[in-house]
Amino acid sequence: MEKGNHSCGTDFTLVGLFQYGHTDTFLFTVIILLFAVALIGNITLVHLIRLDRTLHTPMYFLLSQLSIIDMMYISTTVPKMAANFLSDTKTISFLGCVIQAFVFLTLGASEALLLGFMSYDRYIAICQPLHYPVLMSRKICCSMVAGAWSSSSINALVHTVYVFQLPFCGSRIVNHFFCEVPSLLPLVCEDTSQYEHTILLSGLVILLLPFLAILASYARVLVVVFRMGSGKGQSRAVSTCSSHLTVASLFYVTTLSTYTQPHSLHSPGRDKVVAVLYSIITPVLNPFIYSLRNKEVMGALRRHMG
């Protein structure tokens, strides 16, 4: 295949999630509403945790970091998608595409690692409560967050630099609503099968390992709770764990399906739907699943609302 011109001044064209029409206008409106709900929910949660001293604990510190990531995560894709839908142009500059891909990879990996740390926090709190102040000290919590951000940034930088130095074909039409590494690979004018093994390895380390850790920690938590013999405590634990696992599974399963498949098996239509689940739906659900079902958060909210 003939190599295309790979100049940094050449723009990409994003096909987008929608085309023009009544149905797509309705779906676009729904996504904008979800975007607003995600911002309001996560901002409220971060502000509440900062104001209320009863929420100044490791669990809520990690939860506030998750909310910050979710706000940035959904803001990386939806505003540009909205601007392209409302305007005649669907282009994104080369530099804009690089930045969007890097930020999205960084935030996605940070969320994956942070969700794993949050399950570890719950495991220590319930299964080893006497060691909790030592194992989840403020220093350790800050180290967890710093580790998640730094490792995710390095991972994203490596992938972004490598992908955008590859030669792209003449048609730079990205069949997606944002610049995501898997959606850019079909535009590359050389064999990327070896590089896809690297993506698979990154996906297994950053996505699969934390997901397995979450499943193991919640399984252990449920075992400990059921040994206590309290019917009310058991039902509450099952309800809480199931809701947390549902949201975590939605995020991990969808991202794994995108980042662990070779691009030859990808379907643009399916990829867009899956991307909506982990880039838009998950940031909307997280603040409600992790807070509205929590008596301490709801108590703090009622206190500050008078």
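Cβ atoms are placed via backbone N, Cα and C, with glycine included.
The transmembrane segment feature in TrEMBL is assigned to 26-48, 60-78, 98-120, 140-164, 199-225, 237-253, 273-292. Sequence annotations record features per position, and here TrEMBL assigns domain 'G-protein coupled receptors family 1 profile' to 41-290.
Counted over residue pairs 6 or more apart, the CB atoms of the transmembrane segment (273-292) and the transmembrane segment (199-225) come under 8 Å in fewer than three pairs, which marks the two as apart.
A contact between the transmembrane segment (60-78) and the transmembrane segment (140-164) is present, since 3 or more of their C-beta pairs, 6 or more residues apart, lie under 8 Å.
Within its own chain, the transmembrane segment (26-48) is flanked in space by residues 17-18, 55, 63-64, 67-68, 70-71, 74-75, 78, 81-82, 85, 276, 280-281, 283-284, 286-288, 290-291, 297, 300-301, 304, which lie at least six positions past its ends and keep a Cβ under 8 Å from the stretch. Take the transmembrane segment (140-164) and the stretches 98-120, 199-225, 237-253: counting Cβ pairs under 8 Å, 98-120 has the most. Sequence-distant contacts of the transmembrane segment (199-225) (same chain, at least 6 residues past either end, Cβ-Cβ under 8 Å): 109, 112-113, 115-116, 119-120, 122-123, 126-127, 152, 155, 159, 181-182, 233-234, 237-238, 241, 244-245, 248-249, 252, 255-256, 259-260.
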